[in-house]
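**Student:** Sharing a structure here in structure tokens format.
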Amino acid sequence: MAKSRYSRKNKGKKLQRAQQNTVSTEEKPEQEVETIDFNGFQIPKVYDGKFERKPMELEIKKGFVEGMNGDAKIFCNDDLLNLLTFEMIKDISNNYPSCVRQTANAATLPGVVGSLAMPDAHSGYGFSIGGVVAMRLDDPEAVICPGGVGFDINCGVRLIRTNLQREDIEQHKARLADELFKQIPSGVGTQAQIAFSPEDFDSIMKEGLEFLVENGYAWEEDLNHCEEHGKIANADPSLVSNSAKSRGYKQVGTLGSGNHYLEVQVVDEIMDVEAAKAMGITEIGQVCIMVHCGSRGLGHQVCQDYINLCMKSGICNPVDKQLTGVPFNSPIGQQYYSAMNCCANFAFANRGMITYRIRQAFETVLRMKPKKMDMHLVYDVCHNIAKVEEHDVDNKKVQCIVHRKGATRAFPPQHPDISEDYKEIGQPAIIGGSMGTCSYVLVGTQEGMKKSFGSTCHGAGRKMSRTKAMDNLTSKDVINRMKEMGIELRITDPKLAAEEADEAYKDVTEVVETCQAANISKIVLRLKPLIVIKG
């Protein structure tokens, strides 16, 4: 047996490589951890017999955590498994909540029929970020968990296509970056340029993107290319606290901060010509725009409000208090579900208002109408949400509440819940990379419905804490590297650029290729950035 001190003396070479690529949160005094070999990797000895390696999966066996209702799993190739083994060492030596443990913990919740994590997963609040957890609703104890959705409710991504080519905007790139940065407020606490009344804000929470269409800020056809057509039913604004409303009503059309961004991109490679054509993307060099943001202060406050309510109720006593929840059909469960839907509708409208500003900015700089530039929405997807869906459980159709936290719905061809335009190819899943790297568009598969509740990854996935990124990297170097790559970067606080550096994230290509190898989604095309707007 080997003994591991995770920062210096690991004997497993693969673990050492993971160690170089992954960075912990606050370090605590080290403890020696005895390790054993697992398929060529060093894992803590206490986990002996707790895992099974399958193609593109790490199966976490029932019993890894007491009270698990079944096995759990993480989709990963060998390189991504390296990172997980390092987290396991930290879990034991530092009491660090690893993604593996969090995925297993979620499998203990009442009513759960599946707990899994995507290749981009990393530890988060209670649930891993990249986690998918489904509970069967014919179990009266099945819970809904605010922490299983996260603080940025309906954080999501949308992609807008154009008929422009790279050469059409190359000479206007700097001015276009400036105009987008001016038109779209970004950064912590920023407010929108268009202020809505409290009454209108309630309408936005009920109607989502429909409100923008009715008031001339979005196109009718945008609705058909948005998950849930941009409006989730059962959204009652009276269940959203005044403090949450006060944080959100001036933020419709704002980007926010952290890993949220707007990118002007070009199509770099098309892997599935027919699927790309269905999306209106036909040429290498075609210009697209990607937007990644969510429900801003509104979603954060709603999540906190209902976490507090769930904890006070004492109904659910999970193995980790951050997993707190209540039965879905209980009064608090239904109140949270409705308030969450209000935030989701706000987020659809937020991305819709940003799109309105993008279209204006392109018109200002290029002196063409947005319709002439074919600035149509390809798709808008959520990746922090809980939804009622029908899935096969034990060979029966069962209604489930599916929590996706840092995971994208990716339904297969012919699924009734996707747009008619995409019935033949499957639901598009928009996957953003890290700052300065490529992004991808995927589509769902039939196998994904069986393996992952119709879910795939949502991005690259953080491997380095923000604090550690700032310690190890310099923002000046990150900004200079973007310039050398020919990328126009506009960022509200340049001192924080290192937080979002490429080195702080996993390789998005490796992530999406793992999803494809696991057959839970299929790669359609790749994009690379020309302009990056950050909060």
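Using N, Cα and C of the backbone, Cβ positions are placed for all residues, glycine too.
Remember, it's a predicted structure, so these values are computed and weren't measured experimentally.
Found this in Swiss-Prot, in case it helps:
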type: COMPBIAS; residues: 1-16; note: compositional bias 'Basic residues'
type: REGION; residues: 1-31; note: region 'Disordered'
type: BINDING; residues: ASP152, CYS155, HIS260; note: Mn(2+) 1 binding site
type: BINDING; residues: CYS155, HIS292, HIS383; note: Mn(2+) 2 binding site
type: BINDING; residues: 259-263, 383-384, 432-435, SER439, 458-461, LYS534; note: GMP binding site
type: ACT_SITE; residues: HIS458; note: active site, GMP-histidine intermediate
**Student:** Cβ within 8 Å of the Mn(2+) 2 site centroid (CYS155, HIS292, HIS383 excluded): which residues?
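**Tutor:** Going along the sequence, the neighbours come out as ASP152, ASN154, GLY156, VAL157, HIS260, CYS293, GLY294, CYS382, ASN384, GLY406, GLY432, HIS458, GLY459.
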**Student:** If you measure from the Cα of ASP152 (Mn(2+) 1 binding site), which of the binding-site residues ASN259, HIS292, HIS383, ASN384, GLY461 is the nearest?
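**Tutor:** Among ASN259, HIS292, HIS383, ASN384, GLY461, ASN384.
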**Student:** Using DSSP and collapsing to three states, where does ASP152 (Mn(2+) 1 binding site) fall: helix, strand or coil?
**Tutor:** coil
**Student:** Hey, for the Mn(2+) 1 site built from ASP152, CYS155, HIS260, who else sits with CB inside 8 A of the CB center?
**Tutor:** GLY156, GLY256, GLY258, ASN259, HIS292, CYS293, GLY294, SER295, ARG296, GLY299, ASN384
**Student:** Out of CYS155, HIS260, HIS292, the binding-site residues in the record, which is closest to ASN384 (GMP binding site) when you go by Cα distance?
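**Tutor:** Looking at Cα distances from ASN384 (GMP binding site), the smallest one goes to CYS155.
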**Student:** Checking the contact step here: among the binding-site residues CYS155, HIS292, HIS383, which have a Cα within 10 Å of the Cα of LEU262 (GMP binding site)?
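**Tutor:** Those close enough are HIS292.
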**Student:** For ASP152, SER434, GLY461, listed as binding-site residues, tell me which one has the smallest number of other Cβ atoms within 10 Å.
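**Tutor:** Fewest other Cβ atoms within 10 Å, among the binding-site residues ASP152, SER434, GLY461, is found for SER434.
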**Student:** For HIS458 (GMP binding site), which residues of its chain lie six or more apart in sequence with Cβ-Cβ distance below 8 Å?
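**Tutor:** In sequence order, MET118, ASP120, GLY130, VAL157, HIS383, GLY406, ALA407, THR408, ILE431, GLY432 meet the Cβ cut-off.
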**Student:** Can you tell me which binding-site residues out of CYS155, ASN259, SER434, GLY461 are within 10 A of HIS292 (Mn(2+) 2 binding site) by Cα, answering none if there aren't any?
**Tutor:** CYS155, ASN259
**Student:** Is HIS292 (Mn(2+) 2 binding site) helix, strand or coil when read with DSSP?
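**Tutor:** The three-state answer is strand.
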**Student:** Between the Cα atoms of GLY461 (GMP binding site) and HIS260 (Mn(2+) 1 binding site), find the distance and write it as a whole number of Å.
**Tutor:** 13
**Student:** Can you count the other CB atoms that lie within 10 A of the CB of CYS155 (Mn(2+) 1 binding site)?
**Tutor:** 27
**Student:** Do you know which of the binding-site residues HIS292, HIS383 has the most other C-beta atoms within 10 angstroms of its C-beta?
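**Tutor:** When each Cβ's neighbours within 10 Å are tallied, HIS383 leads.
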**Student:** Between CYS155 (Mn(2+) 1 binding site) and ASN259 (GMP binding site), what is the CA-CA distance rounded to a whole number of Å?
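**Tutor:** That comes out at 11 Å between the alpha carbons.
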